[in-house]
Every structure is written in C-alpha cells, then in structure tokens.
C-alpha cells in the first residue's frame, strides 16, 4: 500500500502526460503522439472505429424515430372527419359543435342591439363551413343577372356580364338565356302582364297578382331624370304596380253618353283647373292640349311587373308637383300617394234619406268644372274615382246633379263639383232628381285610399242634407250645387250615406280602432323652423305589411350614422338615425357611445349604397358634438338615446327634410308604425343596399311582457320602452337598423318620431317584438338641447 503511494508521486512528477508534454513542448507534440500510438497498438484503432459506427447508427435510428413520431402527431392533430366538418379551420368536430351551441345560446339569451358589429365573429366563422354565394339579383346597365361563382355560371351555360360581391367573396353576375330574363333595350315596356281595361270587367279583381320570386329583392332605383325603374320584388314582397298619370279634364264632353256615363269623366284635357277656396291646400295646374279620341283614356290601364321586367314611367311635361301652402287649418292632408295595391270595391246601398226643406245647403268647393250638357234624360251613371289629396283616407264623391225641375228634360248648365275637405265631419247637400246607383268605377287613373262615397238621388226635387260618416282618419267629402242666395246652415240630425263604395286596405284606420279618444289625438311639434313630417317626393298611400324596398325620397328624414375607416377617407354604415332639424339628428345611445366625434359621419338623403348616380345626391357631414342621455345603460339599454350635432347646417331639399316630434304623451297602442333602415334582411343574413321599410303594430307594454313570457323570456319593459311587432313574427328590425326611426302618421297627416330602434332578441321571431326608445318621454330633453 505504501509502495504505490510512494511511486505515484514520483511518476507524476517525473513522467508527464502527453497533454502536459504538449503544453510544455509544442514542437515535440508529434513525438508524444507517436509514442501513445505505439503503446496502444492496433487495439485502440479498432475501438475507435467501433465507436464511430455506433454513433452513426444511433443518429440514423434517431432520425427514423423522429420522422415516425412527427407523422403520427400530424395524423392525430388533423383527423379526416375534422377536415370535412370544419374545412380549413383545423378545429375538432366535437369542440366546434360545443362552441357553436354555446354561441347560439349566448346570442339568443341576451339583449342584442340592432346595430352592426353586434354578434361575435367566431360564430360566423364556424358557420361559414361551406362558402357559398347567395343567389341574389345583380344588374349591369339594363341586364339582370344572378350572383354566383364563375364555375357555376359556366356549368349552367350562363353569360358573365360583370362582377358581384357577397360579403367577402367576389363572384360573377351571370345571366341566362331564359325568356323571363330577356329585356329588350329598345322597348320601354318589356314583358309585362297587362290587365284588361276596367271598362270590360264586371268588377276589379279581389287582390293584385303577387309574383313569388325566390331570392329577389325589390329595388326601385332612379335611372335618369324623370324616369323611375321598378325592379322585381322579393320573396316576401307583393307585385309592384305602376299607374299612368290621369290626363287633365276637358272643358266639353264629346258625346252625351260621356256626360251621363260618368259625371266627371271627360275624354281629354284642354282646360286649366286650380283651387279657388282660400282654405284649400293643393294647387294643380295642367297644360292645354288638343282634344283626342275618347277611347285613348280607356286604353290606359294598370300594368304589373313580372320577373325581371321593368316598368318605366316617364313624367309628363305638363305635370307639376303639388305645392304646400301653410294655412291654419284643423287638419291637413299629406302628399298624393302612389298606389301599390288595388282596392277591393264593394257596394252598400242603405235606405234613401228623408227629405228636408231646401233651405239647408252646405258645401265646400275646391275644383269646379262647368260645361253645357246635351238633351238626354238622366240615366244611371257610373261615378268615377276622384283624385284624392294624399294622406286623406276619405275620397271625394262625384255625382252629376241637374237643377230641380218637374220633368226630366234638358238643362242649360250642369255643374259637377268634386270636393276634398280636411274636416272629420262635413255636411253634404245633394240636389236630387232621380235615384241612381253606384256602380264600379270606370277610370283606372284615380284611386281613393280607403273609401269613396257617392250620393245617390231620388225622384224628389228637394235638397237633402246628409252627414257623411268619418270613415278614415282625415276627411269626408261633399258634392253639390251651392246657391249664393242661401246661407249654409248646420243640420241637427244625421242620416246615413246613401251609397258607399268602400275599399279594403291593410292599413289600420280610425274606424277599426275601438275608441279614438282612448288613443288620444297625437299632437306634433317641430324642432326645425320649417315644416316637418311631410315627404315631398314620394306619395305614400297605404302601408305595406311585409318588408320591401322603399321609394326614393319617401322617408327624407332617414339618415345613416357611419363610422370612418381607412384613416377617414371612407365610412361604413353602422346605425340609422332621424333628422329633427337642420343641425341635429337623433339616434340610439349605443350607436355613438363608444365612438369619438372624429369617427362619426352622418349621411343624409341616402337611398342606395351601391349607386352614386341617383335622382338627388346624398350629403355627408362630420360631427361637431354628441350628447348621449346621462342615464343610458349599456347593460339594459334603458335611456338608449343620443343626439348628434352636425358640423355645418343642412339645406333642406325634396329628399332631405326633418321629422316631427310627438308633443303629447300618447301610448299609441294599436297604431301602425313603419320601421326603416339598411339593416340585415334576416338574422345573420345579407345587408341590403337599398333602404328598406316594414310596417309593424305598436303593442302595449303589458302585452309586450306577456309576449316575452310566452317565448320563455322574462323582460323588464318600463314606460320609456315602446314595443312594436307581430305575435307571429315575420316583420321586425334587425342588425343595422339601430338608431333608425319608428315613424307613425298623426291625424293631421304628418309623420312623427314615435321611437328610436334600440334592441331585440333575434330578428322577426314569434313573440319577440322589437323594442324602441319611446320618444314622447324625451321630447322636452330633445328640445332643450336642439333649440
């Protein structure tokens, strides 16, 4: 034991290792290596070669194992079933289904504002498994087509006419060589379905023809000045009717049959008529024209559009729009209306009225036409449909009256008076010589809105005062001969209307409401210095139940609240709004609460987002100030109201005008209101480019709560909320409509802002009505800021 310990130190100090020798003597390093190689011999070389071979084999085995593991891991991460179900998302099917269910539950459980960007994007990504372009209509020039993929167009032997866009996908506007899709450019009316003249029909049809067009939307776009192109209607829209303008009246009838066949139905026009009553509102002038044949009036008839035909209606040169004269009157009608639905006419003949001494006579005349009549005995005649003042639901009655005499002989002059007044109850004197019967109207140009009352005559020669019933919300009409020697007196009794031709419409009139006093007369107030609530371009008639594209200029107070994008160079639609004066607009609080003033843009006079060349251009303004209601809650959407002030005041135009505000706090239960906006056509559906409108009834808050309860929801509906919708669903606002107006028509013919669209659960679902902010509760607050 001691010997090794004694020898090792000596060996360590006397002998140096090769490494030490190398450090000490670098020049003799090769000698040390030779000595080490000689000492180890051939056995060391064989060991080194074996170790190198083992290392090479280990590296190769490791590479093979890593490759196998990577392949197995890739197969586990992307199984085939997930590829089929999720496309390129790479999400397992089980997790995808569970997350989709969670998204469905979350989206249907909470209150969701009806603005864009209201839904999570993950749900849309997961539902976009198979990317498809919806077959919506597209047009290039006067060529109609369908949007689809290019390969679909080629496979269906179609013709590519242009490019179309559906969400983020670009497709081909493809047209096919079908008969319904051919539109000849040289014809003004192509492939329309004409109806027979009304003179050849025993009675008008019960309902207009409604073409069912799947996947189409009604788009009424201007196609140049003075021309209106009406496109095919959508799956929930009814057929669009285009009526020709009535020709003016002539001063003399051509034959006696014309006089007796229709009291105010002359052949052609060669006179100028205007309102002579100082209290009348509408002034209409016509140019003098040459007398034409009587049969030309019978050839103008109603025409219906079929897919995808166009109906082009040029405006006559002598036609002027009716002006508005601001006169202090108890009620006023609105603009003339454009018919969209044929009425259903039915006759009722109550018993004849009692005779009254001839000292009673009352009449208000607005238009009087006097011409000599020929010597023919009076015969049963057909009353014409008088041209109505727009907005009035009572039509003027027209009948022919001869002066009182003992025999049915000739008369020197015959006066026919067509009157439209704006009072709810007026007294109509009738000079009678023979009983006549009200038959079907013969002129298709003039259409009443709700009722046409015509006075029938008896064989007595005394004057009979009658009081017409207030059939609709605006006025009643009277006709007769006014004698200047007698002063009108008011009768103390009421007699039924002799013969009434009623027209069934889908509008809720005052007669269908249980008690007009229960609703209360809604008084309106204007926040602007000019007139409010009266559209000047479009002439609305009856409200259409079911969504459809609005006419250009029909809702001139509709605005688009937009958010700037691309560093302020462009803007995108976010919400709707309502113009209340030249400086301020009203919208929902959740539309602008999270935006800076520099991010908000207001566009007024807009109609079609996809077209710039419209009848009148839109106006876009920046925002100088925003005022969100101080009690606004983003959790419950209570007090969801905001005011936005424009940078520069607006100049009102025919397509830009303000809406009235409700002055009285009326519940408005049972009234029909109209929702307008550019929101989605269905929940999660496509966004339209043309302004849409839909009519919905206003329900009470208690009924609204019960509707939510029937749908399995318990919602708190305070009095600052206003519910509108059907129990069965089908018509409602949707994402993108938030902040837009819920407008209703008052008894004076003006539209007022009943509500601002706030929130809803889903879109157009049963027992889930849309909820708006009730503006009547905030009228003082609005006027405080805008005045």
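The backbone N, Cα and C atoms fix where each Cβ goes, glycine too.
The following features are taken from Swiss-Prot:
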type     : residues : note
COMPBIAS : 262-280  : compositional bias 'Low complexity'
COMPBIAS : 287-303  : compositional bias 'Low complexity'
COMPBIAS : 358-368  : compositional bias 'Low complexity'
COMPBIAS : 393-438  : compositional bias 'Low complexity'
COMPBIAS : 449-485  : compositional bias 'Low complexity'
COMPBIAS : 502-512  : compositional bias 'Polar residues'
DOMAIN   : 544-787  : domain 'Peptidase S1'
CARBOHYD : 177      : N-linked glycosylation site
CARBOHYD : 672      : N-linked glycosylation site
REGION   : 1-22     : region 'Disordered'
REGION   : 225-516  : region 'Disordered'
TOPO_DOM : 1-58     : topological domain 'Cytoplasmic'
TOPO_DOM : 81-787   : topological domain 'Extracellular'
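For the glycosylation sites listed here (177, 672), the lowest count of other CB atoms within 10 A around the CB belongs to 177. In the predicted model, the domain 'Peptidase S1' (544-787) has a mean pLDDT of 92.
A Cα-Cα distance of 43 Å separates residue 177 (N-linked glycosylation site) from residue 672 (N-linked glycosylation site). DSSP classifies residue 672 (N-linked glycosylation site) as strand under the three-state reduction.
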